[in-house]
Amino acid sequence: MYTGPRKVLHHSSGLLLSSGSSSDEYQVVTSLWCQLMVLLNSLAIPPKGQVNNPGCIPKLEVKCSHYRSKIHIKAGDKLQRPEEKPKSGRIQDKCHGPCISSSNCSQPCAKDFHGEIGFTCNQKEWQKSTETCTSLSVEKLFQDSSVESRLSVAAPSIPLHVLDFRAPETIESVAQGIRKNCPLDYACIIDVVKSSETTSGNIAFIVELLKNISTDLSDNVTQEKMKSYNQVANHILDAAAVSNWAFIPNKNASSDLLQSVNLFARQLHIHNKSENIANELFIQTKGFHLNHSTSEKSFDFSMSMNSTAEDISGMVQIPQQELRKLWPNASQAISIAFPTLGSILREAHSQNVSLPRRVNGLVLSVVLPERLQEIVLTFEKINKTRHARAQCVGWHSKKRRWDEKACKMMQDVRNEVKCRCNYTSAVMSFSILMSPTLKTDKVLDYITCIGLSISILSLVLCLIIEATVWSRVVVTDISYMRHVSIVNIAVSLLTANVCFIIGSNFHNEVQDYNVCVAMTFFSHFFYLSLFFWMLFKALLIIYGILVIFRRMMKSRMMVIGFAIGYGCPLIIAVTTVAITEPEKGYVRPEACWLTWVSTKALLAFAIPALGIVAVNLIVVLVVAVNTQRPSLGSSKSQDVAIIMRITKNVAILTPMLGLTWGFGIATLLEDTPLTFHIIFASLNAFQGFFILLFGTIMDHKIRDALRMRMSSLQGRSRAAENASLSPTNGPKLMNRQG
């Protein structure tokens, strides 16, 4: 009911109080105002009116003293503001008392932190092993939000009966707190998380927080929610927090984080055609719409590992042939990049993974429609040294480790790696690993350089000797084919060594990749020819024992020899390059030679070579058993002697060459001792010298032919000298001089 005009008293507080109101109404308003002042003072937040009229507050404090007991806020509940320095959860870095090997101890955390720090005695020193110090809790996450919602009732437009200063309701779960305080964007937890110190305990708490959000609040993920989610994750992915992940007792915390982020991103709904959804320092999220008519799409990322390092790039490509599999209606693709997660991820124990494997690029996660199964990823290497080999892998969320079968290497150059990976619900994240460190000892370099030089010179000398004595040693068909074999063995190894030297200078640059492939092909082909000509020599022995050479024409033997020596290697080499090169799995990244990691192309050389070694050794044993048989003592004693020399030659060279590549197979294993690498380098580099020594110089027929050749040359030289000094030539010389 209207009671007439009233005098209005203007108070600096902003509340409108009428002079005509009853004393009871004035007392209610004063009571509520006093409660508000006590609440603000307890939170150390200056009220608005204090700035304009500081004299008002002390006056009210006297009248409000009896209301303090009615405010349900404890002194220990004071919130930590973002601008305040976080308190440290660390204490001294060792335990008291004697340090006995393998003993453990624990120490409490600093004030305002719950948990403990565990230490283990290692080499008579206490070393921190675990840490559970945390200053966060579910109640503290939403304490600030509860107070702010209660303070908002001070607005003049809200009726007085809305004011409620009862104690806040207990929040039992993260989902409950977010639904009550910030259901639209999760912003109510960001400041509390960012102001917390990244101790191991706080990191573990935040991982569980994100895990709960992904499980309970992923029904309608908007861009705003994804931004808040990434801000929380970014806090524990900071480069400064990486070292503290090692002390979390739960060794699966890192894989839980990755799985939670991927699960949450799977429920994200994109509104625009292309969006940079979240762009934090240590986690970036991008997405776009696509359908079956979309052309090839790609996500490009460029992120820094820390504040001082240069940006590392990565790219996710969806091939056009994959996009054609989509339905006409629109779908969406999302990708997330992590620069530091590779240093944090811990693989579950596996018999095949004995040591931690270092990640050498960004970790890229993708969320694709179900019909898409294949993607192409490009990683810039963090470690760009010459010997930083890479291995494409995908993170298997169920096995909690990197899966080599998920990806195939397409290209590996000094700075960049390209991978083709299979996308599944269990494998959504990909990266590159550093393969075991190559043996770069200078001893190996010296042995290889010196050995190859000697090998090439030895092979050239071998060919010169064969050309010199050819007419004197090829007196029968068997001896003819034997020396044809020696010449082709020398030519094959010489050409292979030259290709190896040329190829070693072409594996660092992108534009030389095709040259590297060509040199690898020729090296593969000629190294195989070396062994197949050795096989042909063994077949000569078998034919000799069976006395078949008497009926075989030289031309037919030549056809068989070249078919075996060059035809079989050509088929194997062409087949290998045709199968592996389309997927860039032919050459290895650190050298122009067959790869072992991705496609096992090296088996196309190792299996034929070692198989021929085994066959030749069996032939040698057969000859040794049959040396006493009468059939060898035939009338053609010269052929029998030649067969024995071939046998001796094969018996010496075959184990030598087989031993060379046997040590080569041993060097493919991880953590192979340096001794094996030195032995392999020595035997491999000196193969040409072995062929000269055992195939040519140790053959007495060749030595005799060389002596006869030298004697003949000396005889001609003396005859020419005598002829020039003969008296009959005197007048001719005088006439020429005149």
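Backbone N, Cα and C atoms are what each Cβ position is placed from, and that goes for glycine too.
A TrEMBL annotation is a machine prediction, not a hand-curated record.
Feature annotations, courtesy of TrEMBL:
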- 289-440: domain 'GAIN-B' (DOMAIN)
- 444-699: domain 'G-protein coupled receptors family 2 profile 2' (DOMAIN)
- 717-738: region 'Disordered' (REGION)
- 443-465: transmembrane segment (TRANSMEM)
- 486-506: transmembrane segment (TRANSMEM)
- 526-546: transmembrane segment (TRANSMEM)
- 558-580: transmembrane segment (TRANSMEM)
- 600-625: transmembrane segment (TRANSMEM)
- 646-669: transmembrane segment (TRANSMEM)
- 675-698: transmembrane segment (TRANSMEM)
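Scored on C-beta pairs under 8 angstroms, the neighbour of the transmembrane segment (526-546) with the top count among 443-465, 486-506, 600-625 is 600-625. Averaged across the domain 'GAIN-B' (289-440), the predicted model reaches a pLDDT of 84. Scored on C-beta pairs under 8 angstroms, the neighbour of the transmembrane segment (486-506) with the top count among 443-465, 600-625, 675-698 is 443-465.
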